[in-house]
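The ATP binding site annotation in Swiss-Prot covers GLY44, PRO45, ASN46, GLY47, ALA48, GLY49, LYS50, SER51. If you look up Swiss-Prot, you'll see 12-217 marked as domain 'ABC transporter', on the strength of sequence analysis.
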Amino acid sequence: MTQVASTNSPLLHAEQLSSIRGGRVLFENLDFSVSAGQLWQVSGPNGAGKSSLLRILTGLLEPSDGVVSFDGQPLNQNWSEYCQQLLFIGHKAAVKGELSALENFHWQQQLSSVQDVDAWDLLEKLGLLGLEDELTTRLSAGQQRRVALTRLWATQASLWILDEPFTALDVQGIALLQQRFVEHLDAGGTIIFTSHQSLTLSGLTPEKLSLEYRGEVL
């Protein structure tokens with residue numbers, strides 16, 4: 001059993017979570033609680049189940065066993081409220097392929113009514129300037145991930161669940177994303193993100209949940 005203690009009232013609680021995929025045990029009997037305003041880093045090697053855990057926490061994937069609760073209730077009992085508070089960016093970037101990089105950002109702004117962001121400055125800092133008019137289907141996987149990350153500057157969601165958000169970012173992009181993390185946490189937001197490698201985040205000390213590659217086949 002893996003258990004990480006939380007001192008505050010939990011926003012998100014996982015109880016006895018287990019995941020078995022393709023006959024292989026990814027993890028089992030995970031217990032942890034995430035409080036509002038916390039930053040959590042889920043780490044571990046490829047194949048340890050990090051992405052599966054995040055998808056379970058978002059409700060997109062059913063656990064093999066266990067329950068995820070939001071604000072004291074199982075996800076299936078307050079799904080609508082949960083979705084209003086959640087922003088999920090998976091390992092495979094979810095972008096609208098029929099829109100350009102710039103249009104993707106403006107589309108997200110319209111959905112969230114967040115307008116006080118300089119889109120051109122943001123695209124430049126994420127290394128997307130010069131690609132703003134390209135359809136996202138023509139961009140590389142790394143470029144698409146950076147387009148998806150622009151959503152973090154155009155959302156009012158309080159809970160962010162992000163799969164490998166620092167992948168494909170250069171030094172400037174990493175610094176920019178770290179600053180956005182700080183802004184969101186200072187505003188009372190909550191972040192859960194994965195990383196397959198050890199990260200040193202300037203000014204940030206995340207709670208850590210480490211998964212191991214088990215390789216057990218049932």
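Each Cβ is built from the backbone N, Cα and C atoms, and glycine gets one as well.
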Self-check item: Greatest C-beta neighbour count within 10 angstroms, which of the binding-site residues PRO45, GLY47, GLY49
Solution: GLY49
Quiz item: Which number gives the other C-beta atoms within 10 angstroms of the C-beta of SER51 (ATP binding site), all protein chains shown included?
Solution: 19
Quiz prompt | Cβ-based neighbourhood (8 Å from the centroid) of the ATP site, residues GLY44, PRO45, ASN46, GLY47, ALA48, GLY49, LYS50, SER51 excluded | solution = LEU26, HIS196, LEU211, TYR213
Practice problem: Return the residues near GLY44 (ATP binding site), defined as same-chain residues 6+ apart in sequence whose C-beta is under 8 angstroms from its C-beta, sorted by sequence, else 'none'. | Solution: LYS50, HIS196, SER210, LEU211, GLU212, TYR213
Quiz prompt | Secondary structure of GLY47 (ATP binding site) (DSSP, helix/strand/coil) | solution = coil
Exercise. Compile a sequence-ordered list of residues in the same chain as ASN46 (ATP binding site), six or more apart from it, whose Cβ lies below 8 A from its Cβ; state 'none' when nothing qualifies.
Key: HIS196, TYR213
Exercise. Take the Cβ of ALA48 (ATP binding site) and count every other Cβ within 10 Å, whichever protein chain it belongs to.
Key: 21
